[in-house]
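What Swiss-Prot says about this one:
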BINDING   54, 56, 113, 137  Zn(2+) 1 binding site
BINDING   58, 59, 137, 175  Zn(2+) 2 binding site
């Protein structure tokens with residue numbers, strides 16, 4: 001399975017998954033149909049599936065146009081997004097699986113950013129080291145999504161699921177927010193040498209207009225404060241009594257950053 005990262009709008013990423021053997025493709029969160037149609041034409045591939053993580057327009061905005069171009073495409077989304085994702089035919093819940101390119105993705109229910117958000121995790125195949133996580137706006141490189149419909153406790157539970165994935169899991173998040181996320185992270189975790197090194201690397205990459213996605217779970221566990229809410233120094237820094245309170249205060253600080 002080949003993964004093509006397509007930039008869209010000011011900071012979105014769309015991911016086209018390609019199976020060269022069958023010459024079929026799937027797309028994750030097609031915000032804008034045009035770059036997807038262009039990539040499919042370049043590949044000469046037929047679109048067979050749309051994997052949506054949640055209902056926001058900058059993730060599902062291309063669904064209808066892509067369905068017009070490829071009427072047999074199957075649209076997947078979360079069970080609780082019924083009626084909110086254009087063209088949705090499959091309503092997924094925790095523990096479900098979806099198939100593409102002779103691989104099966106495990107579905108995780110990860111509410112917080114929205115009440116219905118899901119993520120897709122492709123475990124590594126035999127002989128491969130890396131798994132692939134498509135997590136929409138739940139986990140970002142260096143950050144996490146705002147809480148529009150969920151609670152801090154829900155988001156901590158959701159991020160815990162993703163944090164528990166193998167460290168050799170690539171994180172394909174849907175926005176190029178990494179530099180600003182790490183700028184915030186340094187204000188609350190300034191003694192973190194891994195974080196300082198990562199910030200320099202990301203700063204250099206963005207100065208060259210290079211993408212910083214994908215990340216990986218191992219790196220996020222070292223440097224992302226929103227996966228480190230149970231670290232004693234962050235609990236102390238935020239004057240919190242519990243990990244969930246620490247997360248909530250970190251999220252509130254980031255919202256004002």
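In case you wondered, yes, glycine gets a Cβ from its N, Cα and C as well.
In the three-state DSSP scheme, residue 58 (Zn(2+) 2 binding site) is classed as helix. Annotated Zn(2+) 2 site 58, 59, 137, 175; additional same-chain residues within 8 Å of its Cβ mean position, judged by their own Cβ, are 12, 29, 31, 54, 56, 136, 174. Listed in chain order, the residues near the Zn(2+) 1 site other than 54, 56, 113, 137 are 53, 55, 59, 114, 117, 136, 138, 145, 148, 174, each with its Cβ within 8 Å of the site Cβ centroid. Counted within 10 Å of its Cβ, the other Cβ atoms near residue 58 (Zn(2+) 2 binding site) come to 18, all protein chains included. Relative to residue 175 (Zn(2+) 2 binding site), the binding-site residues with Cα atoms inside 10 Å are 137, the candidates having been 54, 56, 113, 137. The secondary structure of residue 175 (Zn(2+) 2 binding site), as reduced to three states from DSSP, is extended strand. Each of the binding-site residues 56, 113 was assessed for Cβ neighbours inside 10 Å, and the highest tally belongs to 113. Cα separation, residue 59 (Zn(2+) 2 binding site) to residue 137 (Zn(2+) 1 binding site), rounded: 9 Å. Mapped onto three states, the DSSP output places residue 113 (Zn(2+) 1 binding site) in coil. The binding-site residues in question are 54, 175, and the one with the fewest Cβ neighbours inside 10 Å is 175.
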